[in-house]
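Input: a single structure, listed below in structure tokens.
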Amino acid sequence: MKKEQDSNVTEFVLLGLSSSWELQLFLFLLFLFFYIAIVLGNLLIVVTVQAHAHLLQSPMYYFLGHLSFIDLCLSCVTVPKMLGDFLQQGKSISFSGCLAQIYFLHFLGASEMFLLTVMAYDRYVAICNPLRYLTVMNPQLCLWLVLACWCGGFIHSIMQVILVIQLPFCGPNELDNFYCDVPQVIKLACMDTYVVEVLVIANSGLLSLVCFLVLLFSYAIILITLRTHFCQGQNKVFSTCASHLTVVSLIFVPCVFIYLRPFCSFSVDKIFSLFYTVITPMLNPLIYTLRNTDMKTAMKKLRIKPCGIPLPC
């Protein structure tokens, strides 16, 4: 990497969430619990969907399996490093490690945004056009939609890395965060970053905003349809939509706030970052399965054979 070799900065210092040792120890235990919950919850959903053919053939559960896999991987990008930093004084990350965090965070984050938008469209078709649901959301279309989500995330993340890797770093190297993210890294560059900031805002900020608006529009149409055509279980659907919108808002609102504005340093940014890196990956398994009878029944049918492979009873 020529830019990395030309730069005087070979590592970044992460200021983290707190400088108090007592608070860091408490945060370590708290986020360790969160991380275990994220891994177990999302892994259980992935295994359950894969172990039951009827769930895997359903568009909703097919997308849910991919969402849980993304959340599982997304938490692994930042949380293990954060947990390790809580237990040591020096919190640093190499330049290449920083680029890796940026790449995987934006790859998985953008893929999740696209997938949540696809899932909203899936629910729109299921509720507003139920007679043609299985025809419209056929397996081939579902596969192509998921591939499009992953490809979109890949393209988005590559663009972020290209913008950052070309910047020269020759001075301060402190990031007021618990991981490397584009806004804080760009502000450390020893050059005018106005054009780069505009490109990142256009790439990340507008992406978050457009996906969020599409989601809101889809759920608005769903709610209007439910009010116009009363059907059995309407209250349950309303409640489920409200839960989904809550989780979606916890992902998109912080992203819009962080990326769709000039890159001024706010200490609250790292608090907002916790929502889409820790909180929502932990809440998604609860929100998407707590009210889902089919998923809960399928989980109860899982049994563990002596070899350790989960299979349906």
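Every residue gets a Cβ built from N, Cα and C, even glycine.
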**Study point:** Residue pair Glu11, Gly90: same membrane side in Swiss-Prot
**Key:** yes
Review point. Can you tell which of Cys98, Cys190 has the most other C-beta atoms within 10 Å, given these are the disulfide-bonded residues?
Key: Cys98
Review point. When a 10 Å sphere is centred on the Cβ of Asn8 (N-linked glycosylation site), how many other Cβ atoms does it contain?
Key: 10
Revision key, fill the gap. For Cys98 (disulfide bond), the three-state DSSP class is helix
Check your understanding: Just the number: how many Å between the Cα atoms of Cys98 (disulfide bond) and Asn8 (N-linked glycosylation site)?
Key -> 15
Check your understanding: In the same chain, who gets a Cβ under 8 Å from the transmembrane segment (271-290) while lying at least 6 residues past its ends?
Key -> 31, 34-35, 37-38, 41-42, 44-45, 64, 67-68, 71-72, 74-75, 77-79, 105, 109, 177-179, 181, 243-244, 246-247, 250-251, 253-255, 257-258, 296, 299
Practice item. Would you kindly check 26-49, 59-80, 237-259 and say which stretch has the most C-beta pairs under 8 angstroms to the transmembrane segment (141-159)? Key: 59-80
